[in-house]
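Residues annotated as heme c 1 binding site in TrEMBL: CYS75, CYS78, HIS79. The domain 'Cytochrome c' annotation in TrEMBL covers 207-334. The heme c 2 binding site feature in TrEMBL is assigned to CYS220, CYS223, HIS224.
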Amino acid sequence: MKKILLVIIFVQLIFMSCSKEEGVYVPKPLTFDLPSNFPDITYNLENNPLTEEGFELGKKLFYDGRLSANNSIPCAFCHEQAFAFTHHGHTLSHGVNGGIGLRNAQPIQNLAFQKEFMWDGAATHLDFQPIIPLTSDLEMGETLSNVLEKLKKDSYYKKQFSKAFDDGEINSANMLKALSQFMILMVSSNSKYDKYIRKENNVTLSQKESDGLNTFQNKCASCHTTDLFSDQSYRNNGLSINPKLEDKGRYAVFENSDDLYKFKVPSLRNIEHTYPYMHDGRFATLEAVLDFYDSGAVDNGNVDALLLRADNTYGITLNAYEKESIIAFLKTLTDNEFLNDVRFSEY
Ligand code: HEC
Ligand code: HEC
């Protein structure tokens, strides 16, 4: 009897060590640290618990060109870490075969707090968002089934999917969950501004930065609100309509004329590094953005009422010092820890 028991234990040990090599599901949980100055997260972690293995898998996928038709356009091609995961130097992003996209790449940061994604909110769940770039002819031009075929041939992925998910399947649900785990942990919350607001390390703002913060709170925070710097609504801020693109913004989602030329209010975190600005990247500098708010807005038929001035023009009046100090304040939103965090970098 004893002998049999020993044999069973022995066989189990061999089995365990073998399967460990193959990749077995004993995940190490990761915690999501909510910054004290942020609102609650919207992503439901119960349906996709964060684990070290899932995060690593998501990161590998994010940097893997095989997710695209020509095997050379990974997510990171348009989402570069040093620029808060935007497509540096591109007004509009280009993808496989040089196809030019319609919009400026958005940063990837603090997505766990967002309800909807993309400039027009076309993606209503983070887990489904990557299907859009993966299958778009202008971006990665691939099909989910081709991508999965490629992953199934790779021994790293065979092992890592089993380590990251209970069923170990290389399928789209698990692939998308892993990408979400990686992106959810991309939290930017350690800028100078954050440390000042949370009263950490005696960080103070200069006179100019603090004047900029005051002006910002009075003139900008109605839309760029909370410490995420967006109320997550869709608004028309009076940009002239780009005749080449005819991008109708939020209208594309429901074809409701009320939504014409409305775009998601963007977060302004790391804004110093996410140029060029606006949904089509039309402004190269923050100075140009503030000149636009001061004197460049046009009546495109559906401009936000918040921008209507007493003289019946649209915009936000700003003097030279207000512009200068708002820019100084916006630069306090740069989070170098995030931009250089090796957890998010390619190996
Ligand atoms: C060819 C360039 C390109 C590639 C490749 C690309 N993206 Fe994007 N990404 C964009 C652009 C442009 C937008 C804005 C799209 C829009 O609003 O229509 C965007 C938006 C996003 C958003 C929405 C962010 C927000 O705040 O709402 C997420 C998330 C995202 N991309 C993740 C990914 C992932 C994951 C991959 C790889 C599977 C990927 N992207 C591949 C260009 C790209
Ligand atoms: C009525 C709401 C509203 C107000 C008020 C407002 N903004 Fe915006 N802001 C938006 C929207 C919407 C966009 C995106 C527009 C687009 O690309 O079509 C935007 C875009 C921006 C961008 C570009 C961000 C990027 O990622 O490309 C910056 C910078 C900016 N705003 C700064 C400010 C500043 C500074 C103020 C105050 C002087 C201000 N905004 C006031 C709604 C607003």
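Backbone N, Cα and C define each Cβ position, glycine as well.
Whatever TrEMBL says is automated annotation, not expert-curated.
Each residue contributes its Cα atom, and for CYS75 (heme c 1 binding site) and HIS224 (heme c 2 binding site) these two points are 27 Å apart. Here the candidates are the binding-site residues CYS220, CYS223, HIS224. The one whose C-alpha lies nearest to that of HIS79 (heme c 1 binding site) is HIS224. Using a 10 Å radius centred on the Cβ of CYS220 (heme c 2 binding site) and all shown protein chains, the other Cβ atoms total 19. Around the Cβ of HIS224 (heme c 2 binding site), a 10 Å sphere holds 19 further Cβ atoms from the protein chains shown. For ligand 1, no neighbouring binding-site residues occur among CYS220, CYS223, HIS224, by Cβ distance under 6 Å. Counting residue by residue with DSSP, the domain 'Cytochrome c' (207-334) contains 49 helix, 10 strand, 69 coil. The residues near the heme c 1 site, meaning same-chain residues not in CYS75, CYS78, HIS79 whose C-beta sits within 8 angstroms of the mean position of the site's C-beta atoms, are PHE62, PRO74, ALA76, PHE77, GLU80, PHE85, HIS87, ALA105, ILE108, PRO133, in sequence order. Among the binding-site residues CYS75, CYS78, HIS79, not one has its Cβ under 6 Å from an atom of ligand 2. Comparing CYS220 (heme c 2 binding site) with CYS78 (heme c 1 binding site), their Cα atoms are 28 Å apart once rounded.
Across the domain 'Cytochrome c' (207-334), mean pLDDT in this model comes to 96.
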